[in-house]
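Presented below is the structure to which this report refers.
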Amino acid sequence: MSVNDRPTGQPPSATYDSAFLRACRREPVPHTPVWFMRQAGRSLPEYRKVREGVPMLESCMRPELVTEITLQPVRRHGVDAAIYFSDIVVPLKAIGIDLDIKPGVGPVVEQPVRTRADLARLRDLTPEDVSYVTEAIGLLTRELGATPLIGFAGAPFTLASYLVEGGPSRTYENAKAMMYGDPELWADLLDRLAEITSVFLQVQIEAGASAVQLFDSWAGALAPADYRRSVLPASAKVFDAVAGYGVPRIHFGVGTGELLGLMGEAGADVVGVDWRVRLDDAVRRVGPGKALQGNLDPTVLFAGPDAVRAKAREVLDSAAGLEGHVFNLGHGVMPSTDPDALTRLVEYVHEQTA
Ligand code: 1CP
């Protein structure tokens, strides 16, 4: 089934005709849909309040808390889609990898994966390992009604960057050393991660997610030839594993201007673009048949209402000729962003495109 087929044999879901899903399918829309990567989280005082005293990973395993945090930006900003509150390292934690999300740092892995023996620690993920995800999505879809829920996962390369480095990195020297120096181990690691990621996305779709996004946030560190040889096959395997559900699949990375064509080839229906490439240029790089998502620079939100409107207008102008545009930032909302600036931005995009 392709994303353009209405599901048969079952009533169409309440979200099917939403502006967001229509844009992902490149159909006419009542207005340009808007959501923000990292729309749930530290920019919201109501988030900071409910997270008080609860460690990040633990918050991802409590269905009522996940439901509340996921709904907060939908209530406050009137965005066109919710994104499931979790983190890309949750499936790794679920298979028993000793890792934590440290405040102010990010994911830290106790014993980095560097050898073939380390690879054996990455067992299969089963739906039972993440039963709290199924439960939370059940609660969420009831609350969300006609607002679609986006499920997500980290792409094999970005997950590998944390596993091999042991934490956040600027250079990815250990991960790239494995990629260049032991291509067989690297390929096996990425293939293993593709299997885990595929199951994690399947669980979210079967529980009721209306779309999925694969975050390959750090793929922009790679040259196109290396991406094609050493990363694309694993990401393509993930897109393939969820193709049969007919839900839109979004593929996102930062600094990936030179990779946009290859990211399109990997198989997604929608390609995310950061602020470095105009959308009318990006559409030529990505190739035909795909919607685009993006691409306001998240730092623009610090510049005051007039500047935000002017820069948002530039994004809309660059998207004028596209079939299928989902308005988003070029990367996640920064924690110190004024939430009111986000609410005004949603209003502005809706009003300009209605
Ligand atoms: O205590 C806290 O609030 C910790 C901050 C935090 C939050 C709110 C982390 C740690 N993760 C999250 C949630 C999260 N992670 C979401 C929420 C859903 C939403 O968008 O509203 C999402 C989509 C993610 C995905 C994620 N985690 C990515 C891909 C997206 C991106 O921004 O590129 C990445 C790279 C991570 C790793 C991670 N987790 C947390 C941090 C601070 C980081 C980045 C660390 C680094 O710089 O390498």
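Yeah, the Cβs are placed from backbone N, Cα and C, and that goes for glycine too.
Under the heading domain 'Uroporphyrinogen decarboxylase (URO-D)', TrEMBL lists 33-42, 150-166. According to TrEMBL, the substrate binding site annotation covers ARG38, GLN39, ALA40, GLY41, ARG42, ASP87, TYR162, SER217, HIS331. The site 'Transition state stabilizer' annotation in TrEMBL covers ASP87.
Positions of TrEMBL features highlighted on the structure.
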residue: ARG38; record: substrate binding site; CB count, 10 Å: 17
residue: ALA40; record: substrate binding site; CB count, 10 Å: 23
residue: ARG42; record: substrate binding site; CB count, 10 Å: 14
residue: ASP87; record: site 'Transition state stabilizer'; CB count, 10 Å: 17
residue: TYR162; record: substrate binding site; CB count, 10 Å: 26
residue: HIS331; record: substrate binding site; CB count, 10 Å: 23
Q) Taking the residues ARG38, GLN39, ALA40, GLY41, ARG42, ASP87, TYR162, SER217, HIS331 listed for substrate, what is the greatest CA to CA distance in Å, to the nearest whole number? A) 23
Q.
I'm trying to understand the geometry here, so how far is the Cα atom of HIS331 (substrate binding site) from the Cα atom of ASP87 (site 'Transition state stabilizer'), in Å to the nearest whole number?
A. 15
Q: Would you mind giving the whole-number mean pLDDT across the domain 'Uroporphyrinogen decarboxylase (URO-D)' (33-42)?
A: 96
(Q) Can you tell me whether DSSP puts HIS331 (substrate binding site) in helix, strand or coil? (A) coil
Q: Between the Cα atoms of ALA40 (substrate binding site) and ASP87 (site 'Transition state stabilizer'), find the distance and write it as a whole number of Å.
A: 11
**Q.** Integer Å distance between the CA atoms belonging to ASP87 (site 'Transition state stabilizer') and ARG42 (substrate binding site)
**A.** 14
